[in-house]
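Visitor: Just lifted these from TrEMBL, have a look:
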- 1-144: domain 'Ferritin-like diiron' (DOMAIN)
- Glu17, Glu50, His53, Glu93, Gln126: Fe cation binding site (BINDING)
Amino acid sequence: MVSDKMAKALNAQLNFELYSAYVYLAMSAHADNIGLKGFANWFNAQYQEEMMHATKFFNYIMDRSVVELESIEKPRKEYRDALEMFEETLSHEQEVTARINELASLAIDEKDHATNTFLQWFINEQVEEESTVKEILDKLKLAGSTGPGLFMINSELNTRTYTPPADAQA
Ligand code: FEO
């Protein structure tokens, strides 16, 4: 069992991962609505990745405590342009990183080694998430978020496919 405080914090993160999935699903819909099919594809893959993150938290909490599902905040529906969507994505991922770090600090404070070990996967995952998003954001700034530059990035983002990791249910 984990402590009540730890269980509350893990359940809050489960909710935030579900909210993250919602944010990217809404971005996918918005990108599709404005004709950016490649961006829609990328955000849909990101949505699936967040659902996998949520499943990991769900399964861990089920193993060690009690799952408490709370309501999920409504995500934003529209964005100015593709650049704003990726600025928002980077800022969202930075927020996720901060929350995961807080959880890991709590696990250390509580000498909860199992939870700390569980969180290491997310700590590594966030390094990759932030780096991937920053790379796309830099491209949008360099190539431009309109015209041929945007068309090129849209084609590139259309190639992303989501492959669940072998331990996705772990
Ligand atoms: Fe679940 Fe993108 O962090």
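Backbone N, Cα and C define each Cβ position, glycine as well.
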Visitor: What is the set of residues, excluding Glu17, Glu50, His53, Glu93, Gln126, whose C-beta falls within 8 angstroms of the centroid of the C-beta atoms at the Fe cation site?
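Guide: The surrounding set, listed in chain order, is Ser20, Glu49, Val96, Phe122, Glu125, Glu129.
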Visitor: Which residue counts does DSSP yield for the domain 'Ferritin-like diiron' (1-144) in the helix, strand and coil classes, in that order?
Guide: 117 helix, 0 strand, 27 coil
Visitor: Need one number: mean pLDDT over the domain 'Ferritin-like diiron' (1-144).
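Guide: The predicted confidence over the domain 'Ferritin-like diiron' (1-144), as a mean pLDDT, is 97.
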Visitor: Which of Glu17, Glu93 has the fewest nearby Cβ atoms, counting only those within 10 Å, among these binding-site residues?
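Guide: Selected from the binding-site residues Glu17, Glu93 on minimum Cβ neighbours within 10 Å: Glu93.
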